[in-house]
Every structure is written in structure tokens, then in C-alpha cells.
Amino acid sequence: RRSASDAELSAGAEGATGSEAAPPGDLGGRTRGGGRGSAAAAATTSTREAEGAERRGDTPARKPDPEAGRMDHHQLGTGRYQVLHNEEDNSESSAVEQPSTSSLAAPTVEAAASAPALDPDSPPPYSSITVEAPTTSDTDVYSEFYPVPPPYSVATSLPTYDEAEKAKAAALAAAAADAPQRNQEEDCTPRDDFSDVEQLRVGNDGIFMLAFFMAFIFNWLGFCLSFCITNTIAGRYGAICGFGLSLIKWILIVRFSDYFTGYFNGQYWLWWIFLVLGLLLFFRGFVNYLKVRNMSESMAAAHRTRYFFLL
């Protein structure tokens, strides 16, 4: 480009010099010839300079084309940057963003061809990432830690605060009423290997008669043995009844015997006291035993209780 511009400047300078050096007389005739000669000389000079530039390896300068510059700039920009499209609008953009001319198709193909070889360390494109669907185990874990709320119909049908408090009070009252009966049933659990009389520790008539005769015959010694050995109501009440009758027996023996006349002379009130005490012991043991036996037979099975009559 510099050689071509230098050639033009030199040609212009020579033409101007030739026109100034011409004499005034020959101005009219030489004007035409001088103009032609200057033009021929300029052409020859430019041709020589162009050949010299070609020999040196330089190309003659040409007028820059603005369209070509724009195309080169577009190609450089397209090759350097990659055009990305949205995945969701991929189908729509493929139909809308088509190239209008053949000049835009070539840069797009070049950009697509050069895109995979940009950088091996760059992350993969978003379209190559596959999203895994949630499995049933993840769904179960999510529902376990975050339970699903109840539907609107269930949430609106819940009782009010007053109704909930009344229901709670009724439940507490029912539990308090059932507690004594439950404790009583636990304390008095029925046993199949014993009869009802043995379960209540009432005893039977045989034990009552055995303790009665033991206390009646052996007096106070029999009373102590029968009362301490037996652990039933029949045996203890039999011992009390026999001891009372034994006391009455000895009072009558002492009163109507000639051997003990000196002991009760003038003291009749003393033997009356022992006689009444013996009668009370006899009737108390006999009546209480009959009462307990009848009560044990008439009681319901769920409300039976063990009775211990300790004196």
C-alpha cells in the first residue's frame, strides 16, 4: 500500500513540474501534448513501481471493501464465542432462528464444529446432564419425616376446645372409677386349686368342731393350741367357743362341789362373773362363725374378700 501511494505522489509531482517548465509561447500547443505526456509518464511510472513491488513480494493496495470487513469480523466473533440456546425454548428457537442467507450458515457450521474442541477442562453442557427421577425410598423417607397434612374436611371437623376438655374430664372420671375395682380384682385373684371356703380362709364345720373339743377338753392349753395352729376363721371361732364352754363347766363344778366350799363362802358374785364371761365367749364364737359362713356363700364371686377375725 505504501509503494502504490508513493508512486501516485511521484507521478503527480512530475506532471506538475513538466507543466511549470513549459515556456509560455508553447503554452497552448504544449498543453495538450504535455497533458498527454504527463499522463503517459505517470502510467508508466506506476506500472514500473507495481512490477517492482511484485518482485519484492508486495501486493498492490486495493480499496477496502466494507462488506468484506463486516463478514470477516462476524466470522471471527462467531468462531470465538459459542451461541447457547435455552432448553425449554429449543423447539421454538430452532424454527424461528434460522439463517436468512447463505453467508450466515457457514459461520454457524464452523462454530458448531469448533465448539467441542474449545477446552477439554471445561464443564459439560447442561443438556448432557440427566436428571434422575425420585425413587420410592426417597418418597417414603420424605413422607416419614414430613407427614402429609390431613384434608380440609378432617381439619374442619375437629372438636372445639370446650368439647375436648369435656371428653378429657369424662375419660379421667371413668379411669378413676375403674381403678378401685381393678385393684380389688388384682388383690383377690381366684385360684382354681382351692374351693371358695378355702379361698376366703373361712374353713369348714370339721375344723370348727375339732378346735371346739380341743379347747373344751384341754381347757386353756387346748385353747392356745387350737387358736395358734389353725389359720382359718372356723378353727379360731371353734377354739373361742370351746374355751367359753369349758369356763362354764369349771364354774359349775366349783359351785356345786363339796371340795371347794371354803373358797366361795359369802362370795357368790365372783362365780357369776365367770359364768357370764363363759357364756359370752361361747355365743360369740358360735354366732360369728355362722354369720361368716352364710356371708361367704351369699357373696358374688367378683366381690369376695378374705376375712381375718383376730381377737
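Each residue, glycine too, has its Cβ placed from N, Cα and C.
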Looking only at what Swiss-Prot records, are P159 and M295 on the same side of the membrane? no
Given 123-126, 187-190, 291-294, which one carries Swiss-Prot's motif 'PPxY motif 1' label? 123-126
According to Swiss-Prot, which stretch among 1-4, 149-152, 265-268 corresponds to the feature motif 'PPxY motif 2'? 149-152
Cβ density check for Y152 (phosphotyrosine), other Cβ within 10 Å (all protein chains) comes to 8
Tally of DSSP helical, extended and coil residues in the motif 'PPxY motif 2' (149-152): 1 helix, 0 strand, 3 coil
